[in-house]
Each structure stands twice: as structure tokens, then as C-alpha cells.
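Trainee: Before we start, here is the structure in question, set down as C-alpha cells.
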Amino acid sequence: MPPAVGGGLAGSELRPRRGRCGSQAARAVGPDVATEATTRSPKRPAPSSRRFEAPGRWALLALVTLMSFATRFHRLDQPPHICWDETHFGKMGSYYINRTFFFDVHPPLGKMLIGLAGHLTGYDGTFLFQKPGDEYEHHSYLGMRGFCAFLGALLIPFAYLTVLELSQSLPAALLTAALLTFDTGCLTLSQYILLDPILMFFIMAAMLSMVKYNSYANRPFSAPWWLWLSLTGVNLAGALGVKFVGLFIILQVGWNTVSDLWHLFGDLSLSMVTVGKHLTARILCLIVLPLALYTATYAVHFMVLNKSGPGDGFFSSAFQARLSGNNLHNASIPEHLAYGSVITVKSARMAVGYLHSHGHLYPEGIGARQQQVTTYLHKDYNNLWIIKKHNTNSDPLDPSLPVEFVKHGDVIRLEHKETSRNLHSHYHEAPLTRKHYQVTGYGINGTGDSNDFWRIEVVNRKFGNRIKVLRSRIRLIHLVTGCVLGSSGKVLPKWGWEQLEVTCTPYLKETLNSIWNVEDHINPKLPNISLDVLQPSFPEIMLEAHMVMIRGNNGLKPKDNEFTSKPWHWPINYQGLRFSGINDTDFRVYLLGNPVVWWLNLLSIALYLLSGSIFAVALQRGARLPAEVEGLSQVLLQGGGQLLLGWMMHYFPFFLMGRILYFHHYFPAMLFSSMLTGLLWDTLLRLCAWSLASFSLAGHVHTLGILSLLLGIAYSFYLFHPLAYGMVGPLAQDPRSPMAGLRWLESWDF
């Protein structure tokens, strides 16, 4: 049989493998088979051929990298307006430049890097990023897009090197690079101001670092081993620091590490001291180092964002006191609550906000048609309430009357300052939460009825104690029904301005839903104290930030008429996502994977499960496979197994998520499926070439197969590239459109 194409690990050239996978393969094969493989394998290539192998690899890597950057930076300035989620992440980059605090459901690293890229390339943070379609005009946006495109372009050489390390086959690596280079979906995601290319960069960098340090398993504690192990930890911190789904690559590296340590523990040639050193090295590089870096990103985040902004209301009163410009920053307010005070009441549950009312009524059929009471996350005059006695309308601020403090157990009335209606409840059912009572605003100029009376209680306090602003955790118990005021956290429909539902629950369990604290406090008859003593420590700030982000993520639900997708849609490329434009006169960009690439990936997963199962069963049963097939089966099972695990780790968890999901969530998994496709088809074609060794053209089967796949992928990109680079003219539904013949599925809406 002729030599293998591209210097890969093929039938007639079973190259010795370095690292854990290689050693496992040797142990699995056994001494007899290993000896047979040695005798049956032909001589190694002459020194002259090996001399050109390394330059060839570097030249191919350079070509792959050049193609990647060329496709990602082509027409990067188009369109010169906001596309899709650029409105969010561009705006957040501006917040960093302006040092304005904001809230987002993702960790801060990605937005910080976008802001830094914008700052270094001349963007001044003044563009509003209000809505998709707004023109950038004179504002410098290319630096932020260029940064994302740069990281997106690096995905291809990273994938190339990863597959090369796992398979030792240049054709497999080249096929992987082509799949990702010519995928319109990966291209589109890389060209805009988004978190996705940053997240995928760190995921792929962590994967590459992991397989590289695995390859140095026979040289533990050497400089390259420490380098790649440390880089794995750095990239894990980066992935988690961009989005919480970075946890999936952490789980994959964790599984690899546990498996590695288990094999080391079973190697009786190693002393327990050596095994302990291995364990310590991994704890330091894969746990301590990532945690330190992840914590450092938050330290920078809180240090930079020191000005009050639109995210204040999501956080506790003590947190807000540290933000310059917030009304609680360096503030002095009365310490104890008194009658006549104007106050805001904030829920102790993260990301619920302030007790709020406004002039709008509940609609017909939603309990009593009285004034709405909700919670609202932002500062607003409609959050202000006046605390009054339940049995008198006298003005507590009258200078002739003494100050009377509110005490634990008092019966009070809360009058809404802007509308003069009282906080009220009754036996009508709440709008969204069954078996809870409706809460409304009722009365005229503070005059209502006995359903306006509430007993104020401080959690874990005795009757008669004064109530402290900010510090006291209070409950409001309705005097007539005995229910407790709380917020369900459910988002009201448009008639409720998509604010959060307030109910009165008859179930008296002490939960954060029904616990409040008094934040703002205005009373001219009382002396003030400084709030500086209430500012939280850094660990408390970081813990609170994570609680708010987790709750925010869980609360992401689809709005009316908002496009979403389901996880089963993604691998089949069922439906794309509009990035820009909807009409035939618009510049349209449509996020859709190259169907040839995606359907080939889907077929490859099925083929891998079939072929991998056959080889696994054969090896488990002790079948004596030919040496060439033995080597290819180890590449398929071990290298392919790592990639299949990566695909599963980054895909199946989405089936368990209750939050809103979009098509772009699949792309990290798509990277792994593309790498698996490259490795699988190279291996299958080599097996075909080996099985046809008796035929004269057998040596060309592998070459022709790889070339056919490369040409097919490139041609499909030529057909579908307008999806990524932009289209103008008739929609694909119109027979006159040049894209009409490419609308292979009715669900594609370009």
C-alpha cells in the first residue's frame, strides 16, 4: 500500500503517539499485538521527507489562518448600523468607557474586553446604541467589531491544531478548518459586537490547551507541560468570565482531569508522592488559578463601574451606597422610621425592586378594577410612599406635634405619594398567582377603608423596638385577611407595563418574597446619620452580583411576538435569525449555518456513534484487529470521544433550561461537531483505502475523498455567502430573488 496521504496516522504508517491517549492505546493493544504492529509497519520515511514535514505543517497552518482572517475581516464595516444584539453589548462597552454601573445576566469579562477594544481604537462611549438599525455615523465602531472578528478568526487555527493533535493527521485538521472557515453561521457571529466570538475563543483555547498538556503526559512537570496546564486554567477562567455556559468546558476539562488522575493512581510504577504532586499541580492550575483570575475580573469590574447607572435597582441598598451619583452614596438619612416619613420600600429578594404604584388601573376581569401595585427595578417617583397612622389623618410633620417613631408591631397605613391612594388588599385573586390575594391602590386623598391597614413586623425582633432604615428586615401583614405582602417575581403583561406582580399571600412562610427593607427616608424632623458604615465588603458584593445574575438568567422569558427557538431545531439548521433588515429594500444579514456543513456534521455524529460502537465492541471482546485498523480505531475512539463529549456537554444541557433560548446558543457545540466531522471522515477514508489495498487506485481513495469534501464545502459557501456578507433585493420567497433556489427549507426566512 502506498504511504499515507498528508503524513497522518494511517494504515501503513502507524506513528507512535505521545501522551495519555497513546499510552492507553499501547496498554489496550497488548504486547503481542504491539509487536505484530511493529513488524507489519513499513519503514519510516526517509530523513529528507521528514525534513519537509514540519515546514509543510507550518505552511498549512499559515494558509488556514490567512483564510480565516480574510473571510472574517471582509466587509467588516457593513452594514454601518446596529445589528441585532450589538445594541446590548455595544451599549455595555460604552458603560465601561463612561464608568457607569449597569446590570447584565452574564459575567463581565466579555463586555469589559469590548469596552477596552473600543477605547483603544478611538470610540468615546457617546453612541447611544438604542435599537437595531440606528446608523453609527461618525462614531468609531470598527475597533469593537474588529476585536470580535480577530477572536472569531482564531477559532479556525485553534480547531485545526486541536484536531491535528488528536489525530496526527493533516487532512483531518485541514477538513476541520474548511468546515469552520466556510460556515456562514460562524462567520456571521464573528463579525459583530457580540459575546459569542469571545466565548468561543476561550472555549477553543481551553480545549487546545487541554489536548496539548495531555500530549506531554510522558514529560510531566516539564516547562511545556506546566505552560499548557496553566493556559488551560487561564482559558477556563476566560470562558466562565464571559458567560455562565463556560461551565460546560470546565466540566469537560474536569472529566479529563479526573480520568487522567485515576489512571495515574492506578500506575503502580508511580509513588504516592508523585501522584500527590500531579494532584497538587492540577488543583493549582485548574482550580486556584481560574478562581483567582475570575475573581480578579470582578474586582476590575467593580472598580471601573463606580458611577450610578441603570443597573442600580437590581441590587441591594447597601450595594448602591458605594456608587457615585446614587442618592445613597455618601448620604445621610434619619436612622429610625417615624410617622410622616417619605420612604421607598425594597424587596429583599434579588432583582425584584421597589414597591411601586402608578395611575393605571387593573383591567376588567383582573380582580377589582383599582390602581395597580407592582414592583419596579428602577428609581422612580412612583416608588415613594408616606407612612401614616392607621386611625388618624393628622399631619405627622406638623412642627407642633412631637416625633413619633414606628415600632415593631404597629398598625400603619402606606399612602402612595404621587396618587394619594393607600396600599390595599382584599379577597380578590391576584392577577397571575392563584390562591394569592390582589394588592391595589385604593381611596381618595388617603381616605379608604379598613383593608388599607397593615401591621409592620421586624424579622426576629420583639414588640416595641424601633425600625431602622436599610438594616431592619420587615414584613407587612394585612390586618383584615392576615396575608403577607410580597412579590411573586412574575412579569405582568403589557397592561402592567411588564413590571413584577405584587400579591398578598395567605401562606405565612418567611421567604425573601415577603421580606422588605426601607431604603430612602425623608423626614425633616429627624437628625441624619452617614450610610458609609453600611457599605458591603468585596466578597459580599461578588456574592450578591452572582445571585442577581442567576436570578436574571432564570427570569429571561420570551415576550409577546418575540422569536425564539428550541434546542432540537439547532443541529438540523431548522431556522435562522435575522441580524439586520426585514424588507427587500433593506441590507439583510441572516444568521444561518451553511447547510452542507451542518447536515454533514449531523450525519457525522450518527456515523461516529455507529462506527465507534462497532470498534468499541470489537476491542472489548478482544478481537485481533490488523495493526492499521487498530491504530485508526484508537484515534477514532479516543480523539473522537473527546470531541463527541464536547458536543454533548455544550448541547444537551440546553434541554434542561427554562430560560429563553436562541439559535446562536448552539455554536459552541457546532465547533465540536465540526472537529468530529474532520477527524471521522479522514479516519473512514483511510479505512476505505486500507480495505481496497488490492486495487490499483486504492491509494487515491483518501486523497480524492478529502478533496471532494473540501471542494463541496467551498462551493456551498460560494452559494450561501450572501447570508453572512449581506443581501439587498427581493426576499428569497420571491422567484426573482437570486436566493430563491437556495431556500431549501420553508422555515428559512431570508
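Glycine residues also receive a Cβ, built from the backbone N, Cα and C atoms like all the rest.
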Trainee: Check each of the ranges 141-160, 701-720 against TrEMBL and return the one annotated as transmembrane segment.
Mentor: 701-720
Trainee: Let's see if you can do this one: DSSP helix, strand and coil counts over the domain 'MIR' (464-521), in that order.
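Mentor: Final tally across the stretch: 6 helix, 27 strand, 25 coil.
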Trainee: Near the transmembrane segment (279-300), which same-chain residues lie under 8 Å Cβ to Cβ, leaving out any that are not at least 6 residues past its ends?
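Mentor: For the transmembrane segment (279-300), the list is 107-109, 112, 221, 226, 229-230, 232-234, 236-238, 240-241, 250, 253-254, 257, 261, 538, 541-542, 545.
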Trainee: Cβ under 8 Å to the transmembrane segment (596-619), counting only same-chain residues 6 or more beyond its ends: which ones?
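Mentor: Residues 28, 179, 182-183, 185, 571-573, 625, 633, 636-637, 640-641, 644, 647, 670, 673-674, 676-677, 680-681, 684, 709, 712-713, 716.
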Trainee: Which whole-number mean pLDDT does the model give the domain 'MIR' (464-521)?
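Mentor: PLDDT averaged over the stretch: 87.
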Trainee: Mark yes when the transmembrane segment (701-720) and the transmembrane segment (198-214) have three or more Cβ pairs under 8 Å (sequence separation 6 or more) and no when they do not.
Mentor: no
